[in-house]
Amino acid sequence: MSKLIEYDETARRAMEVGMDKLADTVRVTLGPRGRHVVLAKAFGGPTVTNDGVTVAREIELEDPFEDLGAQLVKSVATKTNDVAGDGTTTATILAQALIKGGLRLVAAGVNPIALGVGIGKAADAVSEALLASATPVSGKTGIAQVATVSSRDEQIGDLVGEAMSKVGHDGVVSVEESSTLGTELEFTEGIGFDKGFLSAYFVTDFDNQQAVLEDALILLHQDKISSLPDLLPLLEKVAGTGKPLLIVAEDVEGEALATLVVNAIRKTLKAVAVKGPYFGDRRKAFLEDLAVVTGGQVVNPDAGMVLREVGLEVLGSARRVVVSKDDTVIVDGGGTAEAVANRAKHLRAEIDKSDSDWDREKLGERLAKLAGGVAVIKVGAATETALKERKESVEDAVAAAKAAVEEGIVPGGGASLIHQARKALTELRASLTGDEVLGVDVFSEALAAPLFWIAANAGLDGSVVVNKVSELPAGHGLNVNTLSYGDLAADGVIDPVKVTRSAVLNASSVARMVLTTETVVVDKPAKAEDHDHHHGHAH
């Protein structure tokens with residue numbers, strides 16, 4: 001296929017146009033008074049959302065050079081979402097501000113490499129300053145505050161706070177759609193672990209990139225599964241039940257994995273394969289935990305069990321299994337509450353007996369997963385469109401709450417980027433020379449962008465608000481809900497540090513990439529045929 005090539009300033013400017021189109025669409029969603037974006041769908045009704053990454057994912061531009069710029073900035077939103085689960089709009093706005101400020105300087109003859117180095121050092125300094133100023137979060141109230149800020153809804157905040165405080169730091173909070181109008185919280189037997197599907201072809205929910213299995217059977221296997229003749233007899237028995245299958249093994253590879261993928265594509269058997277977490281004896285022990293929760297048996301060749309000879313009786317079950325690319329959640333496993341309680345008792349006894357701190361910590365993790373169960377937030381709404389929007393809000397709130405528990409919180413509303421972050425940059429600037437200093441200056445200017453748009457979306461003059469907040473003491477800023485200035489943490493306006501740090505680091509990464517781009521190569525678009533001259537002037 002023939003290519004189009006652009007160089008230097010022309011290439012960077014074309015990418016900037018695309019980047020602006022994406023960022024200008026996403027930025028209207030920022031803040032408690034952020035606006036909605038309506039997304040038309042090829043099938044079904046439109047989606048109404050104020051979730052930045054959902055908007056970003058929908059955007060594809062006609063001009064290939066512009067689209068390249070849009071896709072680069074989109075990667076900032078998706079990466080921030082993957083790491084922190086929230087903060088996608090902040091990341092997009094920061095990236096736009098950094099790139100625009102940087103491109104102005106590059107056009108004026110500043111060395112883009114030195115500029116990029118300065119931006120990188122600034123991002124690291126801001127990240128460290130935010131971590132250093134973080135306040136730890138614990139307890140139902142603290143978690144609920146974070147979730148309320150993320151979802152803009154106190155009821156959602158309270159539900160997430162209750163869920164997280166019940167299942168604990170390592171526990172699992174799952175979000176499901178409900179057929180009722182209200183949103184409610186349930187606690188069930190279940191377990192989660194940090195391993196995802198082995199092939200993207202297993203995905204059933206394309207919006208969330210998840211494989212969702214309802215009323216599933218579960219095969220737990222201690223070793224690798226690669227031979228199709230070994231797996232096929234059991235697959236045929238499972239197909240006869242009409243139920244989906246989750247396979248957890250040391251690995252699933254070769255023709256066994258290929259067959260599962262082909263079945264998934266043809267929709268003949270819904271099955272998902274994941275690797276078991278951990279290694280060696282720890283993996284074996286965790287598979288036994290899974291067996292207790294799901295009511296199944298671990299197929300163990302060492303104990304004389306042969307995969308091709310086992311029947312449905314060794315399979316566990318669950319009401320629902322949700323698998324993403326990074327983790328697996330089993331909800332309402334088929335094991336009895338008594339068996340789970342006995343297993344937890346056994347783990348507690350092992351913890352008491354162990355002399356090793358490391359062993360105790362790892363056993364404690366397993367106990368938390370086993371005993372914590374799964375909190376299920378069932379989201380309901382009056383219409384399909386409202387349901388999707390509310391479910392997105394709850395998912396963001398859960399992600400923000402987990403991030404806050406992990407690394408703590410800082411004052412929200414864009415204020416921590418003005419106060420703590422800019423203070424760190426003033427100290428850094430004094431230690432740099434040459435064009436690297438300009439990189440720090442660009443970064444310092446860009447840090448005001450999130451606050452500017454939070455204020456602008458609330459109908460205020462962004463520049464006036466930025467100047468006012470800059471003069472206030474650290475931790476003070478604009479509470480957009482009340483349109484008043486004050487102590488943000490006391491007002492419950494807070495952000496998880498992990499979310500803000502991820503936004504800063506990902507924005508700086510893509511900005512350095514764009515600023516040092518000298519040539520852009522894209523596929524030449526296929527020309528649409530011009531039909532006009534075929535149709536007559538005979539009327």
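Yeah, the Cβs are placed from backbone N, Cα and C, and that goes for glycine too.
What Swiss-Prot says about this one:
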BINDING   THR29, LEU30, GLY31, PRO32, ASP86, GLY87, THR88, THR89, THR90, GLY413, ASP495  ATP binding site
MOD_RES   SER2  N-acetylserine
MOD_RES   THR25  phosphothreonine
MOD_RES   THR54  phosphothreonine
MOD_RES   SER393  phosphoserine
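Put simply, THR54 (phosphothreonine) is 11 Å from THR25 (phosphothreonine) when counted between their Cα atoms. You'll find the Cα of THR29 (ATP binding site) roughly 39 Å from the Cα of SER2 (N-acetylserine).
Between the modified residues SER2, SER393, the minimum number of other C-beta atoms within 10 Å of a residue's C-beta occurs at SER2. Of all Cβ atoms in the protein chains displayed, 26 besides its own lie within 10 Å of the Cβ of GLY31 (ATP binding site).
If you count neighbouring Cβ atoms within 10 Å for each of the binding-site residues ASP86, ASP495, the highest count belongs to ASP86. All protein chains shown were included, and the count of other CB atoms within 10 Å of the CB of THR90 (ATP binding site) stands at 29. Cβ contacts within 10 Å of THR29 (ATP binding site), excluding its own Cβ and spanning all protein chains shown: 23. Neighbour density around each Cβ, counted as other Cβ atoms within 10 Å, peaks among the recorded positions THR25, THR54, THR88 at THR88. The distance from the Cα of THR90 (ATP binding site) to the Cα of the residue listed as 'N-acetylserine' comes to 37 Å. In this structure the alpha carbons, written CA, of ASP495 (ATP binding site) and the residue listed as 'phosphoserine' are 15 Å apart. According to DSSP, ASP495 (ATP binding site) is assigned to a strand segment.
Considering only the residues assigned to ATP binding, THR29, LEU30, GLY31, PRO32, ASP86, GLY87, THR88, THR89, THR90, GLY413, ASP495, the longest pairwise Cα distance works out to 16 Å. Between THR88 (ATP binding site) and THR54 (phosphothreonine), the C-alpha separation comes to 9 Å.
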